[in-house]
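Below is one structure, written out as C-alpha cells; comments come after it.
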Amino acid sequence: MSALEKSMHLGRLPSRPPLPGSGGSQSGAKMRMGPGRKRDFSPVPWSQYFESMEDVEVENETGKDTFRVYKSGSEGPVLLLLHGGGHSALSWAVFTAAIISRVQCRIVALDLRSHGETKVKNPEDLSAETMAKDVGNVVEAMYGDLPPPIMLIGHSMGGAIAVHTASSNLVPSLLGLCMIDVVEGTAMDALNSMQNFLRGRPKTFKSLENAIEWSVKSGQIRNLESARVSMVGQVKQCEGITSPEGSKSIVEGIIEEEEEDEEGSESISKRKKEDDMETKKDHPYTWRIELAKTEKYWDGWFRGLSNLFLSCPIPKLLLLAGVDRLDKDLTIGQMQGKFQMQVLPQCGHAVHEDAPDKVSLVLNDCKKTTVRITLDATEDKSLSLSLHCLQQLLWSLCRCNCTSSPNSPWQLLMALALHVCAEELLVLCCFIPGPCG
C-alpha cells in the first residue's frame, strides 16, 4: 500500500482526520480561519429535522439506564440508526429529513451509551457486546415482544455495533443491515494512528459556533447544514477542566500558536495552572466523551467484523466513501454477490452527513422487494404468523429463482398467509442482494 493510500486511511475510527485537499490538515498542523465569505455557524435545534424525542428507560442489574432517541415517521418499517464513535444521534438529522421525504418509513436514531444525551450506570463499559445488548434492550423497551420490521443502519463504530447486534440475533424482527464506511481491514490499520489524531483535536471550544466552525473547516464534517445540528450532540458545557498538559483550545487548533517563551520549569508549571483555571470561562465547551479512554474497546469493535457481516443471514448493504476501503474478505464476498455495495466518492468518512441526499437515494433504490399482504379479518384471532418466520421465508425467496415447485418459498409463504388473521398484516421492505447472495 502506498504512502498516499495509508494517509487516506488514517483516523478510520471513530472519525476521520481531514484528507489532503479537503480543507483540513494533518495532525499537529495549524490552520488559519482568515476572513472570507461569511458563513452561518450557529447551531440548529434537532426539532427542525426530527418529529419527536424520547428518553427510553431500560432496566438492568445495576438499575435503570436512559437512552435518548429521536424519531420521525409513523408508518412503514423502522430504520434504526446507530452513530459513529464520538458522534450522536443528531448526526442523522439531515439524512432523516431526506429519507422521510422519499420512503415511507419510521426513523429511530439512538444515542449510544456514553454519547449524546444517553445516561447509563456504567458509562465506561463500551464493549461491543454491551452496546449490542443496549440496542436490543431499547428495541424491546420501545416495542415489546412484537417489534415492527427493523433495518439496522450504522456508521463507523455504529456500523460495527449493528453487525454485532444482528449476528447475536438481538433484534428478532431484523430485515436488513447497512454499514456505512466501516471495513475491518482499514479500521484495524487505522487504530495505531487514532491516538495521534485525537491528540491533534482541540480539547475545548469558546462556543458552539466555534465547534461547528472547526468541524467544517477541519474537514470532519463537509456539510455545514449537518454540522450545525450534529456538533451540538458532540460537545457539552465544561464542568471544570484540569489537564497536566494544559488545555488545547480551538485557538490552538485553527489559529497560529504563539511561541513559548524560554522560561524555567517552575514558571511554566504556574502558567499552565493559571491557563487551566481560565479554561472554563474562556472555552466553556468540550467533548462529551473522551475517546482516547475508550482505546481498550477498539479492537473488539472491529476484529472479525467482515466475517460477522458476511455471515448475517439477512440482506446487507455496504456504503463506502471509496472502493479502496474494501478488505480481502469483503472483496471476495462482494464478488460472490453476498451483499450490495455502493461507493459515494467525494465524501468524507461521515458519508451520511456529507451527502445525506445521495445516501437516501441509495437506500431508496435498494428497496427491491415490497411485499404487502392484505387479508380479510376473521373471527378467529388466535392464529398468527411470526414476523421472524415470514422474514426467513422472504429471505429464502430472495435466494431462490424458481417459484414453480410446490415447495418453493412463494408457495410456502402463501400457504402460511392463509392462516393469518389480520386486516393488514405488514409491509416488508428489504434489501435483496445478487442471485448468489
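Backbone N, Cα and C atoms are what each Cβ position is placed from, and that goes for glycine too.
Here the structure is a predicted model, which means the values were calculated and not measured.
Annotation comment: TrEMBL describes 1-38, 254-280 as region 'Disordered'. Look at TrEMBL and you will find 79-359 tagged as domain 'AB hydrolase-1'. Marked as active site by TrEMBL: SER156, ASP181, HIS349. Per TrEMBL, the feature compositional bias 'Acidic residues' maps to 254-265. The compositional bias 'Basic and acidic residues' feature in TrEMBL is assigned to 268-280.
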Just to be sure I understand the packing, how many Cβ atoms besides its own are within 10 Å of the Cβ of ASP181 (active site)?
25
Between SER156 (active site) and ASP181 (active site), how many Å separate their Cα atoms?
6
Given the model, what does the mean pLDDT over the domain 'AB hydrolase-1' (79-359) come out as?
87
Quick check for the class: what is the C-alpha distance, in angstrom and rounded, between HIS349 (active site) and ASP181 (active site)?
6
Near the Cβ of SER156 (active site), how many other Cβ atoms are there if near means within 10 Å?
29
If you run the three-state DSSP split on HIS349 (active site), which class comes out?
coil
